[in-house]
Structure formats: C-alpha cells, structure tokens
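To start, I am sharing the structure in question, which I have written as structure tokens.
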Amino acid sequence: MLTQVSATQADSNQASQASQALLDTLYQGHALTRSQSETLFASIVAGDMDPVAMAGMLVALKMRGETTAEITGAADALRSAAKPFPRSADSISTGVLDIVGTGGDGFNTINISTTAAFVAAAAGAKVAKHGNRGVSSKSGSSDLLTHCGIGLTMSPKAASACLDTLGLSFLFAPHYHEGVRHAVPVRQALKTRTIFNILGPLINPAKPEFMLLGVYSPKLLAPIVNVLNALGVKRAMVVYGSGLDEVALHGDTQVAELNNGDIRFYHLTPEELGVERADLNLLTGGEPSDNALITKAILQGKGEAAQRDAVAINAGCALYISGISDSVQAGTKLALATLKTGKAFDVLTQLAEASQTEAQG
C-alpha cells in the first residue's frame, strides 16, 4: 500500500515539475507546441493546477497573443475531458453542423444564431448546437431555450436521438465540460478576456464537421479558421459582422471560409445575400422571456422583417456550409422559404416535448 502511495506521489511530482517547466517556457515569452498546451489545459480541467499558476499562465498567453497551436492544444484537452456525445451512423454519414458565436461582442441582440439553428434543422441540416448562458447579452442560448420549455440537461443518448429524429439537439456546455469549473474563480478574479473566451465554440462534444462561427473581433478570423482546420472541421465560415459575432444585417461581414483544408477571406453584404440592410437597433434583444417570444414569432413566420432577415442570412450561410445549399444566396432563399412554412417552430415544440418527456421519465 505504501509503495502504491509513493508511486502515485512520484507521478504527481513529475507531472507538477513538467507543468512548471512548461509554465517557465511561457514566462520566458516562448510559444507552446500543441501537445504542450494540451498538457497544461488538461491539468486545469483535472483540477490539478494551482490558481496562482493558472492566472500567470492565462495572462502570459494573453500578453503575447495565443498561437494557433496553443489554442488547438487547449481545445484538444477540453474535448478529451468532455462527457462523450454518441453519434449515430446516420449523423456521421451526413455530417453535423454547429451555429455558434464567441459572445462578448458587447451588443444585446436577439438570439440570432440559436433561432437560426431551428431554421437550418427544419431545412434539412443536422444541428448539434453547443451553447451556454449569456456572456455579453442578457440572454444566452441556454437562457432562451429554458424560456422556450427546452430542458438543458438531456442525456447525451437522448440528445443524439433528437439530432437524428428532429435534426437538432442542444448541448449545454457545463453539462459536458464539468472540468472547466476549475478555471471559473481565476477567470472571475482576472476580470479580462482570456483564451477561455474563445474556447467555447471550439469544444462542441459532437465534434461537428460543419461550423458557422462568429467572433467578437476581426483579429480572430485567421487564428480561429486555422484552429478549426487543425481540429479536423471540414467546412466552416468564421464571421465578424461589423461589430457582431454573427453574419450582419446592418453592415458588411468579414468571412474566413474553410473548405476541406483550403482557406479564403472575403466580405459579404446584406444585398449580396438577397436581403435589405437594416439598422442594428432593430435587432435589440431583452430579457430571456422577451427573446423567447421574439424567437417563437420569427419561427412561425410572424417576426419583424429585420429580425426575420437577420436569422435567415445566418441560417442561409449555415445551410451553404453544411452542403444543403450550393451558395449563401441559395441558402438564404431556402431559410426565408422555410420560415414561411412554420416548420422551424415545429422543431422547437418537438424538442421541448422530447426534453420534458425525458425529464419526467
């Protein structure tokens, strides 16, 4: 027994020394490799890193600027530690889509990407929406869904079944990434953005092949699209919409598009997508209960024109990326047509019923 304890202690000491050596590398201003970054972040989510050391590490990364390899390694660690999400042969064959943003853009808009997820699902995509509570807005994706009667803690097996039957499942981040809680006190104490602010969209347990990913700064377009490529994502659009982490209705959208290893950068305008541009004020959101009413109205084809179009252009780009449509313009047309049918609202009500049935069972 003593021998076992001694061996465990020795292993722990070796791991601690290895982590300290990597931290020293960071403090000297050097970048980490992907595997080195994975090692440090695995220590964080396992609860093994001292909070002071963690704070120093996060600040060192922030001050130098995180590299693609460091972000990818961090994502590797969090994905490996996540609760597994089972994928059926059907969803593996067709591929899975996520429509997600980093948050933190500073605008309190309606829940565009979450509402767009219902539209994309109704139009034929398989959407595994990974989300959390609000960061920069009053209403994050999970806040909205709760007010739509959709449970957040559906088992992975049940969520996977919804993905197959309804074309949509919602994966509540804290339900799958319990180890991230170890970083919360340090992040709160630092009161500044760190690498964790961009990791959320990169650690979907469903490991989607297709992604529409909004970022809060144009400086993130190139790093994030390269991370998605390194993580094995097949097709993606990383977008920055004139201040929003969405495809913009009020201005131009900068795009970094990934297509099976090839990356290109370009701009999109609302007019190119087939809609009229509209003032950002028309997309202002409210409390989760308010946003839930807005989402339900949009999905029933009753929303205000600007709200409808903002959702349609995001759903349209997602439909293009997932291969349902052959262009962003065709995707937007399909999204607008889908909204008129009310099928997207049917997906919402069916997902709510499924989550409530599981909760009662």
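Backbone N, Cα and C define each Cβ position, glycine as well.
Checked Swiss-Prot, it gives:
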BINDING   G101, N132  anthranilate 1 binding site
BINDING   G101, 104-105, T109, 111-114, 129-137, S141  5-phospho-alpha-D-ribose 1-diphosphate binding site
BINDING   S113, E246  Mg(2+) 1 binding site
BINDING   R187  anthranilate 2 binding site
BINDING   D245, E246  Mg(2+) 2 binding site
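So that I understand the layout, could you describe where these features sit and how close they are to other parts?
A 10 Å cutoff on Cβ-Cβ distances gives G101 (anthranilate 1 binding site) a total of 27 other Cβ atoms nearby, all chains included.
In the three-state DSSP classification, G101 (anthranilate 1 binding site) falls within a strand.
Sequence-distant neighbours of E246 (Mg(2+) 1 binding site): residues of the same chain at least 6 apart with a C-beta under 8 Å from its C-beta are G101, T109, I112, S113, G214, V239, A310, N314. Following the DSSP three-state reduction, the secondary structure of E246 (Mg(2+) 1 binding site) is coil.
Same-chain residues at least 6 positions away in sequence with a Cβ under 8 Å from that of R187 (anthranilate 2 binding site) are, in sequence order, L58, T194, F196.
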If you count CB neighbours within 10 Å, which one among the binding-site residues S113, N132, D245 has the smallest count?
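Lowest Cβ count within 10 Å among the binding-site residues (S113, N132, D245) is N132.
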Is it possible to get the count of other C-beta atoms within 10 angstroms of the C-beta of T109 (5-phospho-alpha-D-ribose 1-diphosphate binding site)?
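Other Cβ atoms within 10 Å of T109 (5-phospho-alpha-D-ribose 1-diphosphate binding site): 22.
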Report, as a single number, how many Cβ atoms besides its own are within 10 Å of the Cβ of H130 (5-phospho-alpha-D-ribose 1-diphosphate binding site).
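Other Cβ atoms found within 10 Å: 25.
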Could you round the CA separation between D245 (Mg(2+) 2 binding site) and H130 (5-phospho-alpha-D-ribose 1-diphosphate binding site) to a whole angstrom and send it over?
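Here the two Cα atoms lie 15 Å apart.
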